[in-house]
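The following features are taken from TrEMBL:
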type     : residues  : note
TRANSMEM : A:21-42   : transmembrane segment
TRANSMEM : A:54-83   : transmembrane segment
TRANSMEM : A:115-138 : transmembrane segment
TRANSMEM : A:144-167 : transmembrane segment
TRANSMEM : A:179-205 : transmembrane segment
TRANSMEM : A:217-241 : transmembrane segment
TRANSMEM : A:262-290 : transmembrane segment
Amino acid sequence: MRDHQLVTMARKDFDDAIRSKTVWALSGALALIAIFATFRVSQAQLPQGFPQRFLPVLVLGGLTQWISWIVCILALIAGYVSIVGERRTGSIKLLLGLPFERAEILVGKVLGRTAVIGVGIAAGFLTMIASILVLVGLTSPLDFLWRFVGMFLATVLLGGVYTTLSVSTSAIVSTRRRAVMAVVALFVVTQAIWTGITQFFYSVFAGGAVPLQPPSWYLFLTYLSPSAAYSRVVSLVVPIARYPGLGLDGVPRRAVQAQQSGAFYLSEYFALLVLLVWVVGSVLVAHSVFRNADLG
Amino acid sequence: MAAIETDALTRRYGEVVAVDSVDLTVEQGEVFGFLGPNGAGKSTLINMLLDYTPPTSGEARVFGHRTRGEAVAIRERVGVLPDAYKLYERLSGRRHLEFVVQARQADDDPDDILDRVGLDPEDAERNAGDYSKGMAQRLVLGMALIGEPDLLILDEPSTGLDPNGIRLMRDIIREEVDRGATVFFSSHILGQVEAVCDRVGIMNEGRLIEVATLDEIRDTIGVGTTLHVTVDQQPDLTLSDLEAMDDVSNVRADGPELTMNLSDSTAKAKVINRLEEGGATVVDFETAESSLEELFAELIDEDADEPEPEVSA
């Protein structure tokens, strides 16, 4: 892969995808949810001794789960037709007439679409900071700012993971219909029923239901999904799990247990690695198929 | 080194053989017409030359580079106007050209290209989704010219073009050949290939059934120019006397009108001389080029009449 070709491919794809109305509709949804969540936190009853300056960070924590859902949907929708759509319409013939390796097309598209998702996420985050300023107020702006930027970067990474998954899917399948079915399956498996899957594994390998204090290997399984790994990474900058008893959405018991377990594979940095493995793994699988696909 | 070379190149789709063991050589600097009815396998062969489609067996080389594994080296030297493409409807025409300039690391100015293919600079700012087929075709032809490619592969380039557009395309092909480029021009319409091509290859049902110059093809099939002559009186000649002349065949008479086929159109002067020597005055004459469409139809019929070789166990 050559840098110049990657950048050319990514820029073309960015210019194309950024003009998609779907992407802007979903970014709008992210912004609306940001306003709503900020409003809820501003109205919440907080436990005794909870530091007031920590309130804006609480908004970020409360949003983690919502963001991971929206970003997942946004990235899957933005990416699933990226390659199969060009194959079906024939515009891929214009690309393939140019000196691009197929790997450059694949990775260039991942980069371009991730940049588009990044813009959508930035729009959502700007709305979020505006509504925090209005509804909650900032007492220690600097402390909040680095957490905010950290969470933004983690969210772009999550967007990158799901964009990679959807663009990879798009490179593997040969019809739009299959692409839709595949990204719906990805959404269901990684977002909706991941916990159910891990519980099934537990019952097979350990027998019975998952106890209240599960073993570390089970916690590790639950953190293998991109959105769970994301929430783990976010806790680096938004350490909401250190305040058990807040009773907010998005702070599951497991987060606290992972925080307390001390196993290296449950650490935030390991979750970062998990996200990178998703990216690299899906690109490698997609390339092995796309490399020899009949694109005529 | 040939511009294009294929060895027993074959592509099967299940039971269907889209391209059947084609051996084809296109030399550098020539304009090669690639003919055949729709569905003959022309686009599949082009898809294999550019490595859009992997061959089932056999291989192809473009400027000595194998299509499997060296596709990027090939595409660096080839400009393509593909068949059945679609533009990026959310991007402007100009952005399409800029993309190709960047991808080829060329220094072409998009405005020069627009001017060459006759696209209005204002239209170039519009989204390509609004383009007519003719505008799209001009834009993609322009994209193919960027970076002075050594080989132009044009698949049905006249699709959607009006007569002006077709003339412009021919002029561009000639300019490119003068610059030293090789042109591989695929079409199902002979008339378009005739005007620009040195040699033609004819595909039918996946097989390459003929490769020759247009003159050679006319000779093979035995048709060429038809000559109609009107004389004032019966010359002192028989029809067989005329048929005995070189390049003259199939002489028919209908009163004072004679009709004959000439395999070389310059033979008409000899025929007229001979008639006048025989004592008749030629009142009127007219020549007509046999249509290549007829030629084409005849070749394909001939091909279909050949019995399939029988396979024995």
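Quick reminder: no glycine exception, Cβ is built from N, Cα and C everywhere.
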Interface present between the transmembrane segment (A:21-42) and the transmembrane segment (A:217-241) (three or more C-beta pairs under 8 A): no
Most Cβ pairs under 8 Å with the transmembrane segment (A:21-42), selected from A:54-83, A:115-138, A:144-167, A:179-205, A:262-290: A:115-138
Positions whose Cβ lies under 8 angstroms from the transmembrane segment (A:262-290), at least six residues beyond its ends: 83, 102-103, 106-107, 110, 157-158, 160-161, 164-165, 167-169, 171-172, 216, 219-220, 223-224, 226, 228-230, 232-233, 235-236
Residue numbers, six or more beyond the limits of the transmembrane segment (A:179-205), whose CB comes under 8 Å of its CB atoms: 68-69, 72-73, 76-77, 79-81, 84, 165-166, 169-170, 172-173, 214, 218, 221-222, 225-228
Close approaches to the transmembrane segment (A:115-138) from elsewhere in its chain (Cβ under 8 angstroms; 6 or more beyond its ends): 10, 14, 17-18, 20, 23-24, 26-27, 30-31, 33-35, 38-39, 41-42, 55-56, 59-60, 63, 67, 70-71, 74-75, 78, 144, 148, 151-152, 155-156, 159-160, 162-163
Distal contacts, the transmembrane segment (A:54-83) - CB-CB under 8 A, six or more residues away: 13, 17, 20, 22-23, 26-27, 29-30, 33-34, 37-38, 40-42, 44, 46, 92, 105-106, 109, 113-114, 116-117, 120-121, 124, 128, 132, 136-139, 143-144, 147-148, 151, 155, 158-163, 165-167, 169-171, 176, 179-180, 182-183, 186-187, 190-191, 226-227, 230-231, 234, 237-238, 240, 246, 248-251, 290
